[in-house]
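K.L.:
Annotated active site, proton acceptor per TrEMBL: Asp67, in sequence order. The Zn(2+) 1 binding site feature in TrEMBL is assigned to His63, His65, His143, Asp213. What TrEMBL lists as Zn(2+) 2 binding site is Asp67, His68, Asp213, His271.
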Amino acid sequence: MEIQFLGTGAGQPSKSRNTQAIALKMLDERNEIWLFDCGEASQHQILNTAIKPRKITKIFITHLHGDHIFGLPGFLSSRSFQSSDEQTDLDLYGPVGIKEFVLTGLRISGSRLGYRINFHEIDSAGKIFEDDSFEVYTDLLDHTIFCLGYRVVEKNRVGELDANALKEAGLPFGPLFGKIKKGEVVAYDGKTFDPKDYIGADKVGKIVTILGDTRKTKTAVRLAWQADLLVHEATYEASESKMARAHGHSTTKQAADVAKEAGVNRLLLTHISARYVGPLVGQLVREAQAVHANTFVAKDLYEEKIG
Ligand SMILES: [Zn+2]
């Protein structure tokens, strides 16, 4: 998995930072990309990346402030401009109201989509998605309006089968290998083959937590517990905690405190106020690193591998 930031600014676009959008690229794991928030001009930012819009199969919205959702109607419409056999359905998760916002925008602009949107409006904490390989949990943060954080959990996968060891032990290559891989004890030619002797340790899945706008809150610590990566907003520098509280946001230090309390590995900060440019960004990095060393302030189009 990789994470790529399409917008890292707070409130409104600036010359150096677009409004919020984050792509969680899961191409190796499930040939999909999940988008978290979709600020205005997210689709323009996507043009500067390798991301194909049809690969975006899920969008998770944290809250209904404009800098997190104004890119939706445009992106969803443009996603429809591709040949009909490339149209893939899309799941859209977010607070109650997101369906009305999207459908109204599409209806009034006369936009018709070549694919289906499945809306999942969320009004409480809990598990919102699960399949064979991933789970997604959400919980309520502490912002000025209803705002969600998301915890994406990759399930552990069965370890590698040691095929050579099996062959040497006398099991001919074939369907019995599959049974052992599934965890069944196999008898062959008077011998017993136990999966635990031939399958390596489980591959531990990654945990990625992406939060919407929030004051420092225990919910954030729970959502980020032992995560490989936490993406946390840091709208203000450490000395502006009063301002952060008044506007429902966090400082660099508060975000780093959450990362430390939750025992996360990597912290990436986003939603940076436009007042911080040039060397001032370095100050933000230093403030956060003083609390949680493995921290970085993301910039637009920045990408890194998770774990
Ligand atoms: Zn907000």
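The backbone N, Cα and C atoms fix where each Cβ goes, glycine too.
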K.L.:
Other Cβ atoms within 10 Å is the metric here; tell me which of the binding-site residues His65, His271 scores highest.
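P.N.:
When each Cβ's neighbours within 10 Å are tallied, His271 tops the list.
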K.L.:
Given His271 (Zn(2+) 2 binding site) and Asp213 (Zn(2+) 1 binding site), what distance in Å do their CA atoms have, once rounded to a whole number?
P.N.:
8
K.L.:
Rounded to an integer, what is the Cα-Cα distance in Å between the residue listed as 'active site, proton acceptor' and His143 (Zn(2+) 1 binding site)?
P.N.:
14
K.L.:
Around His68 (Zn(2+) 2 binding site), which residues of its chain at least 6 apart sit with Cβ under 8 Å of its Cβ?
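P.N.:
Once residues fewer than 6 apart are set aside, His68 (Zn(2+) 2 binding site) is near Thr19, Gln20, Asp37, Cys38, Gly39, Ile61, Thr62, Gly212, Asp213.
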K.L.:
Which binding-site residues among His65, Asp213, His271 have CB under 6 Å of ligand 1?
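P.N.:
Once distances to ligand 1 are taken from each Cβ, His65, Asp213 fall under 6 Å.
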K.L.:
Out of Asp67, Asp213, give me whichever of these recorded positions has the highest number of other Cβ atoms within 10 Å.
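P.N.:
Most Cβ neighbours within 10 Å: Asp213.
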K.L.:
Around the Zn(2+) 2 site formed by Asp67, His68, Asp213, His271, which additional residues qualify by having Cβ within 8 Å of the site's Cβ center?
P.N.:
Ala10, Gly11, Thr19, Gln20, Asp37, Gly39, Thr62, His63, His65, Gly212, Glu233
